[in-house]
Structures are given as structure tokens and as C-alpha cells.
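Annotation source Swiss-Prot lists N-linked glycosylation site at N47, N311, N411, N492, N528, N616, N634, N756, N885, N898, citing sequence analysis. Residues annotated as domain 'Fibronectin type-III 1' in Swiss-Prot, with sequence analysis given as evidence: 483-603. The domain 'Fibronectin type-III 2' annotation in Swiss-Prot covers 607-707. What Swiss-Prot records for 944-1300 is topological domain 'Cytoplasmic'. Per Swiss-Prot, domain 'Protein kinase' is recorded for 979-1254. According to Swiss-Prot, the phosphotyrosine annotation covers Y1145, Y1146, on the basis of similarity to another entry. What Swiss-Prot lists as compositional bias 'Polar residues' is 1272-1300.
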Amino acid sequence: MARPKLWPWGILLLVSLLSAGFNLDTMNVCPSLDIRSEVAELRRLENCSVVEGHLQILLMFTATGEDFRSLSFPHLTQVTDYLLLFRVYGLESLRDLFPNLAVIRGAHLFLGYALVIFEMPHLRDVGLPALGAVLHGSVRVEKNQELCHLSTIDWGLLQPTPSTNYIVGNKLGEECADVCPGTLGAAGEPCARTTFNGHTDYRCWTSSHCQRVCPCPQGLACTISGECCHTECLGGCSQPEDPRACVACRHFYYQSACHRACPLGTYEHESWRCVTAESCANLRSVPGRASTFGIHQGKCLAQCPPGFTRNGSSIFCHKCEGLCPKECKVGTKTIDSVQAAQDLVGCTHVEGSLILNLRRGYNLEPELQRSLGLVETITGFLKIKHSFALVSLSFFKNLKLIRGDTMVDGNYTLYVLDNQNLQQLGPWVSAGLTIPVGKIYFAFNPRLCLEHIYRLEEVTGTRGRQNKAEINPRTNGDRAACQTRTLRFVSNVTEADRILLRWERYEPLEARDLLSFIVYYKESPFQNATEHVGPDACGSQSWNLLDVELPLSRTQEPGVILAPLKPWTQYAVFVRAITLTTAEDSPHQGAQSPIVYLWTLPAAPTVPQDVISSSNSSSHLLVRWKPPTQRNGNITYYLVLWQRLAEDGDLYLNDYCHRGLRLPTSNHDPRFDREDGDLEAELELGCCPCQHAPPGQVLPALEAQEASFQKKFENFLHNAITIPKPPWKVTSIHRNLQRDAGRHRRAIGSPRPGGNSSDFEIQEDKVPRERAVLGGLRHFTEYRIDIHACNHAAHIVGCSAATFVFARTMPRREADDIPGKLSWEAASKSSVLLRWFEPPDPNGLILKYEIKYRRLGEEATVLCVSRLRYAKVGGVQLALLPPGNYSARVRATSLAGNGSWTDSVAFYIPGPEEEDSGGLHILLTVTPAGLMLLIILAALGFFYSRKRNGTLYTSVNPEYLSASDMYIPDEWEVPREQISIIRELGQGSFGMVYEGVAKGLEAGEESTPVALKTVNELASPRERIEFLKEASVMKAFQCHHVVRLLGVVSQGQPTLVIMELMTRGDLKSHLRSLRPEAENNPGIPRPALGDMIQMAGEIADGMAYLAANKFVHRDLAARNCMVSQDFTVKIGDFGMTRDVYETDYYRKGGKGLLPVRWMAPESLKDGIFTTHSDVWSFGVVLWEIVTLAEQPYQGLSNEQVLKFVMDGGVLEELEDCPHQLQELMSSCWQQNPRLRPTFTQILNSIQKELRPSFRLLSFYHSPECQGGCGLQPTTDAESSSPPTSKGASDCSLQNGGPEH
């Protein structure tokens, strides 16, 4: 079967798993982990195999790359909820930290995301080579300025629905060197290619770790060798088809094995493992508390679902009869929000007491009814105080009993105090509420009518238990003003987030009339607050209230701490005494303080917002931002620090002559053109935005979702960032500026991955406004800019943490110009070496050079030279130039684009006659010393020649061509001056191959397009012999489906072999260009069955001709077949593409390169090459045609292919392959060579489906073969006989020839 190529990640994964001792038997489950501030905290992950919950790693500002190099947690294979990384400095990749993390289950998500990587300043790649599945949730990768290798990840291999991923704000793809293993010069074999979001590419996590692509159906995992795991495995396995060898489980894990469903007697827990009933009973939601877990419908749940309950003797959840009894032990629970009430959803029996203190909210009754509507019994007391948001108590629609096991102050079972808007007691009267013991107490409910209270007395049976003071007519249902006494504050102490207040003790006439104090406070920018404490126009309370109990000592002054408060904010505060009077004829007595205004102390501001940058010149950057959301003082200045960043040196690894070049930009931001002023609309004075959306108006779903996530995420960041100490807090700008700058340099000056940014100086400036102009910068250079907000107390509290932005200056126009003049020197008789100096201070990096040269009277030729190629000789060599006058010029291309062309330089290539006369002139004018030198050189040459002639060269076909290094020109010789070179086509097996034009080569044609093969000038004698041998072989071939030799230029250097020009290149490249996702797709549809059979017929015809000429090809493959302009396929020129596709060959035992993936088993075993073995290779070529040139035996190394084929293996049958072609392939791959068809038999089977032009042009239908002769299988030995010059010799040979 065909197996995908699995990069050595598989071996590394296996080694790491073995070294980690991975086994399902040794699984260690850890709870959710929040790791922050210190790298040492990561040690909590040691020995964790599974994190049952979430894993958060965040806010490590002082960490460096060195801190992480010794850390690795190979045991960790899965996280059941989500993985979040945020602002971890120094961490460059996760590949060493979590080398075996295979699964993120996403059982509970972070705002819909299972993987969040946010603002990781030094992260260069995600690097999770073992990750095979993200079961639920999306991926969010945002604002990671160094993060690359995102375009090479196929998220579709990991997620069921990757379309909701959010990957923005990372390093631009054109600035990344996203090179996968085995491509563009990277080490190793190529990774698998897949199509994701319409783009086909190699898939890898890093430049040395491929992404796993398993060949298994339905997304099954696989072993490192590509064998399919058990269907219940997830993320990989160590043995195929073994549920105990899984890295993680697709469904459930129990007793060291994976199961589709939990075994009998066990129950699902957290959607990934099975537990017994005993284990479920021992689980705790909160350590130290009683277990609330119950078993329902085969699942172990933290609580029984609504409508079900668990009794004391069983862990199983039972359906309730009627209203479901659910006992909730709460102790004394305060409900001060809707969220707090939700803890009682479904409760019918509250064992404990409830205190309602709902001061804020809008239309709370429906929400409270969902939470408290089923409550029937409260065993303790019910206390409702200061609940200004309540209008009715109807949400207690089923409340029947308040038992009074515990009471307020030992007396009161129902206690209703100071509820300014309470008007109705709800259904208590009609439902028959019972209060068997204790009193009821109502006070300071000005909107609650007394008749409701008196009626409640009768229903509950409490009439006569309480006195008139406990249901006071003066404070219930009465909004009349009372006589008050002024309370005075005696002290206050303010801090940044709190105020400590004390006031004088109030002594009413009757001490028992004083109940408590209420402190009212609110933000008040202006000193115009009123004492009105009712709801405001938005339905919420404008004042914050704090209930203060009376001090125990009669001499102690009452006081309170108001917290948490906002720094540097003015608050209005007053205090009121809650009193009553027992004397009916006495006026109501009270006490209240005047409103006082207090300022909290300043604190460090939050970070500046919405930083934008732009460049308007090559030496300046403009930066603008908005003030921090919380200034916490008067902003006096902003501290701006900036540092130059090094360019990514990995860009030099790319050959931009062959790879598309997309350059970074430094465009001007149009937002800088706006006028100054607030960009946000001011709210109308005196109005406030209500917290509920206007009826009928909703945000668009996408915008609402995005806005919601951003808001929640920023709230999370704000809460999280206040916990650790800031990484470099400016504690004293004036006295300790130098110390703080040094701390800052350590923070932002950490070496940037791939560069040496720490070598560049950090600049700083203080600016009074929300903008800065940074000058004196280097052209087209990226800078990191950090901005801190500092208020008037910065010398005490420090400045804010930094917000940062990256910006690039504009290019300098002349920076990429090449200095000085272009120089040249003769490298040989037909080549020159052009040299020039690099631009000394370019815009970023120089990526390539372009040379434009032209011969006098001809069109110019443009040659691209990569910087790596330039660096070898400081220029470039122009070879194979016909004689004549030339001019050349050059320009550089940097990250900013093209520089200017240099001035042209002229040079001259002499002709053969001039070379001869020049040599004679030298001989006639040399000095005696020169003559002596020539004599010595001649002697050395003589001895060298004697030695060379004594060397014996072996030939694969020793009788076919003499190994002599002499070449005798014949009728094939073409004068060199008739040849013109146009451009490079590629590298051949002996040297460069060019496209050119030959004049007068063919009768009736003025010029003929040709391909020119060369031999390297430094080639060895052996290589020159082989080069001439190949030319001599081609002279004998005259077949339409074999590439023709047109001539030889053997006089002078270098030697040229002139071939028929095949404009569409080799068949392998042509087939790959027909893939729909190919970037160079010519717009031609995928070959139909008829097209594929036509290609097969043309190749078979060319091979039949070679077989008739007793020639064994030995390297038949799509790469060695050529495609002409009219799409005719011809057998190539035997070796031209070997260097181009070097990875298709394998060196066995130190011998020559072998195309093992195309070779027959007898060739691999015994080195036998016959026409039969060529037929085997023809079958592989058919497979290439059907798959559009996929690599045969994909997924197997060359060594594995060698063993696989020698053991009788063949390529797997292809899906959707035409039956006719599949049968033809199978016949070519018979293990017995004699059972394979000959090429003429192949043509016999398909000739009816070939186009009519085939009959006119083919060898098969030629007179020499007389319409399909039977050809004798040619052995490698027979192929040594030279073919005749007339083409095919004897076509009447019979099959069954000799075989090695």
C-alpha cells in the first residue's frame, strides 16, 4: 500500500514517549492549572499526563529563553478543557515544553476557544509536533509579532470545523522564512502536502518538524510507520489496532485501555474517562467539602440535573414525584446578585438561612423566580434588607414554611428591613406561608403598606408575638419626614483604593431605638450630590450602600472601610442612623451626616490604549495613542522608549529568484491625517447609558460576538495583569531613572529570535501629549516602541505597564544603489565574471540581484542572482556567450524593493579566429623566460597526458562506446557562432541547460529554437567522456517520440550538445502544474482518460523504438520524459534531470545514485537491467500520470522502498483510477519479468484509443516496424551494441530473448 511520508518527528515522538515512560497504566491526572509570574511555577506540571481542566500559562515578564531550555514535560499528552498562553517572555517555541501534547479536548472553552496564544512577544513557532486533535472549540492566535509557521499548519487535520479560527496580527507571512523540512534547501525529506483553505503546501510545525498526516480512513490516528491505530485511539499509538497502545482516547479511557462506551458498572466522567460508583462518590468539586456528585444516565455529574435528586443512601439521581425535592445545605447564604441566586436553582428545601441584599439590578424578578421559585422550605430565617431593586417578593411563589431553627438576633424568623421600593409580598398570603416559631420584623419599608404586613401576621400565625415597635407604623408605608440630628465625622484616612471613616456615636432617647447605620457613597466628580437615594432614571441605584452594625462597646465610635474604590477619584459620602421609636406620641427621631467629599490617593495608570504608528520619511516615525482607561491621577507625561530590531537572518535562506517575493511595507496610516480631538462621541450631559439594549435594536451577530469576546478578554487581562508585579516599574523617574532604564532594557531588550536586537541601544523620551515623533532613525528598519503613562504621583507609585507597537521607517531612495562601477574579467574564452560591491547600508536586507546584459544588435537578457550565489564570488559568471560586443548593468533588490541600475559596462567576447591569432602573437612576442616556462609546462603536460592515458575507465555498456577521451568531429558538428543563448532552463546531469537559438541548423529554417546542454568547465575527464558518450548515443536515434539530437559544438570550450527544445519541460513538472491548487497552473483541465492513454502510448512508442535498437533505458520516469509545445510526450535525453530531482535517487552502499522507487525487483536484487525492467518502470510512470506526479511509495524511506519491492510489494491500487490503466499497471508489475508485456504488446492493447496523428508519426506504425512487430526483450548487455544510424534495425525479432 502507499504510505505517507512521516518525517522523523515520528521517531522523535517515539523516543520521547519511551524516555518519558508513557503508558496508559501510569496516567497521572492533574486538575486545572493557572501558572503565572515565575518560570519555576511550571514545575507543577511534572508527572502530569492529563490536565483535567484548563492550562493557563501567563504573565512571565522577566523570563528569558535560557529559563525554558531545561524545561520539558513529555508526560503531558492531553488537556481536557483549553490551553491559554499570554505574555510569556522568552518562550520561543512549545516543541520542547510539550513535545507529546497530542489532544486538546475542549470540554469547557475559553470564550469559545480551545487554544489561545495571545501577545507572546518572543514565540517564533507553535511547535506542537505531536498535536493530532482539537476536538471542540476554535483556535485564536493573535498579536504575536514574531510568530511564523502558521501558514504551514493544516488546522483541518486537527479540528472538525477550523473555519471559525481567528489568526490575525502575527508576523507577516512574507517576512517569515516558512520552510518545511526537505524544501528550498532545508534538511530532510519533504513533509506531506495537503490543501487547506484552497492552498496546497507542505505541512509542518517548524523547519525541522513535519505535521502528521496519516493515510488512514476517517481521520484515524497512525503509528510512526504509517500503520493505522485502533479506531478508539486519538493522537497516535505505539502499536496498530491495539486499544491499549493509544496516546489518548477518542471516547473514554478505563483501566489502561480506550473504549467507545464505558464498561458495565462504570460511568462517564468529564467526557473522557470512566469511573466506578465508588470513585464518583469520592470526587469533590471543591477540596474539603462534601461530595455533591451523582450518577445520572450513565454519567458521573457534579450535581443531579433539575427534576432529579439524590437521597442520602444512594449516589444515583432519582426522578422526583411531582415537584422535585432538592435539599441544599447553605448555612447562611447572602444573595446579592442574580449570579449568587443561581446557586439555588432547583432547590426546594433550603437547609440554612437566606439573606437577600439586592441593591442593584433591573427587572430581576424573572431571573430570581428561575432560581428561587421552587423553594418550599427554609429551615432558618429569611432576612431581606437594603434590597432597593426589589418591588415584589412574588418570586418566592412556592414558599410555604420558614421553620426558624435559627433566628435573627435570636428573635426574628422573617426580617424585612430598609427596602425602599418593596411594595408587594407576593403570593405568601394566598399560599399559606407558615412561621411556627419566632417573630416577624418590618421596618423602613416606606412603600410597603401596613395592611399587607398585618395580613401576613394572620396567615403565618405570628399575630401577638411581636410588639408595635417590630412592625412600626412610622417606618412602613410612611414617606413623611422625621426629625433628625446631625452626625459628624470625626476622622477619615484615604488610600488609593479605600477610605476609612469614623463618626460620632449617636445616642437616641431610647438606646434600643438605634438599630444600625447605613453609609451612602458614590463617585462625584462635582460637589453637587443630593441625598436622594432612590433609583435613578436608568432603574439602578445611584448611591452605594454599606450596612454598619453598632459597635459592641458603648464608648467606641462607629466606623467603616469603603472598598474597593477607584484611585484618584472624588467620592461623596454621608451616613444615616436607622432608628425607630416605641412611643406612639413621640415624633420620629433620626440622625444623618451632611455630605462630605473625599479624594482617594493616586495609583499607577493602566496602559495607554490604541497605539498606532506611521512613517512619513526614512528617518522618522510618528506614534499616536489614546490615554489609559484609568488614569488614577493627573497624567503629566508619557515615557516613550524605542529600540531598533534586527532583521530576520533566515530570509537569506530563501532563493527569491525562484520564490515569490512579497515585501514588508511602511505605509502611511491615514488615521494620522485626522484633526486632533476626541474620536469618541461625548454623552449628553446629565444622561447615562442604560444597561439594557433598546427594544428592536441588536448588533450584527458577527460584530456582537467579536465585541463580546474583545470586551471579556480585555477584562480578563485587566484582572490578571494586576496580580503579578510589573516587569519594570518606574518607581522614581528623577532619582532612579538610570536604574529603571536598565530594568527596562532587560525587559524589552531580550534578544529577538533570529537576530541580535540586544546589541542596539534603547532610546527614550518624555512627551506631554498622546503623540510622539521619533527622529534620527535608520531607514527601512523595524523598531519596537514602548509607551508608559505617568501621572503626577509617578515618583511614588510609578508609571503604567507598557503597551507596545512595531513600526518600520520608510526606505531611503538611494540606499539600495550599488556603489562604484561594475567590473568584469574574462573567466574563459566564452564567459566573463562580473563583479560589484554590495550596497553598504541597504534598506533592510539585500535579497537578490538582477543583471541585464545584451549583445550588440540583440534583445537584452535578464539574469537573477540570489544573494547566496553572489556571496560565493562577489558577482556572477556569464557563460556560453557567443562572440561579440556586450554591455551589462546590475541592480539590487532589498526588502524595500529594487535599487537603481548601475552604469553599463562594455566587454568583448573574441571569436575563434581572433583567439588563434592572439595565441600566435603571444608565441612570437614572449621573452626567453616565457619560453622556458612554456617548455616546462609542455613537459608537465606530456607526463600528465601519459598518466591520463594509462587510466582505465569502466563503462556500464563497455562494448557500446569506447571510453577514449578523444572526440572526432563529424557531420553533427555545428559552428559555435551559429548558436545564441537566451536563458537558463535548469541544471542537468553534466552542467547547465540553456534555451537558445541555432541558425541554419535545419533546411528551410533560418533559426531553430533549441536546448543547449553544457559540461562544467571544471568537469573531470570521466565526466567529459560520459557527456560525449550521451551525445553519441543520441546520434543514432531518429524517432518522433524520443528527444532528438540536433548537433554538437566540440570545438572550443565549453562543449555544447544541441537538443530538440521541449518548451513545456519535463513530464513530472507538467503534471504537477495541472493540479487545481498549483500556483503555476496554465489553466488546462486535469487530463481525461483519453489524454492519459495518449501519454502512455507516446512513451511506450519511444521505449519500443529503444528496445528495437537494443537499448535499455534504466531510468524511465516522468522526470525523464519531456513535453513539447503541442503536448507530445517524448523519452528524454537520459540524465538531464538527475540533478534537478536528486531526491528521487538513492545511493546504495556507496555506489551511484539509483532510482529505487522506479526500479524492478530483479534490478534491485541482482543489478539486472532489461527491457522487462523498463516495462516495470513504465508501470510506475502510468501511476505518476494518474496521480499527477505524486511520489511513489509516499511515506516510505528509500531503504523501506528497497525492502518493500524486493519482498514482492507493489504500489497500492488507486481510487477512481480507470480500470484499463489499473490493469495495465498490474501487468507491468508482475514479479516474473517474462510475464510482463513488451512495449509493442502494450501498444497493441491501446492502439485503438490513440489519436489518428499517432499512426502517422509513431515508430510502432512505421515501415521499419511494419505496424506492430514483436520485439525481443533487450538485456543490459545487448544494449551495448551500437544502434544503426538509420533508426530501428530489425523489427522482426521475437519475444523471449536472453535475460540476466
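Positions of Cβ are set from backbone N, Cα and C atoms, glycine also.
Cβ-based neighbour count (10 Å, all protein chains) for N492 (N-linked glycosylation site) stands at 15. The Cβ of N885 (N-linked glycosylation site) has 12 neighbouring Cβ atoms from other residues within 10 Å, across all protein chains displayed.
On the backbone, the CA of N411 (N-linked glycosylation site) and the CA of N311 (N-linked glycosylation site) stand 33 Å apart. The secondary structure of N885 (N-linked glycosylation site), as reduced to three states from DSSP, is extended strand.
Within the same chain, residues at least 6 positions away in sequence whose Cβ sits under 8 Å from that of N311 (N-linked glycosylation site) are H318. Long-range neighbours of N898 (N-linked glycosylation site) (same chain, six or more residues apart, CB within less than 8 Å of its CB): D816, E850, R891, A892. The glycosylation sites considered are N616, N634; of these, N634 has the fewest other C-beta atoms within 10 angstroms of its C-beta. Cβ-based crowding with a 10 Å cutoff singles out N411 as the top-ranked of the glycosylation sites N47, N411, N528.
A mean pLDDT of 81 is what the model gives for the domain 'Fibronectin type-III 1' (483-603). Note on the domain 'Fibronectin type-III 1' (483-603): DSSP counts are 3 helix, 54 strand, 64 coil. A coil conformation is recorded for N634 (N-linked glycosylation site) in the three-state DSSP classification, outside any helix or strand. Taking the C-alpha positions, the distance from N528 (N-linked glycosylation site) to N885 (N-linked glycosylation site) comes to 93 Å. Of all the glycosylation sites listed here (N47, N616, N885), N616 has the Cα closest to the Cα of N634 (N-linked glycosylation site). According to DSSP, N616 (N-linked glycosylation site) is assigned to coil rather than to any helix or strand.
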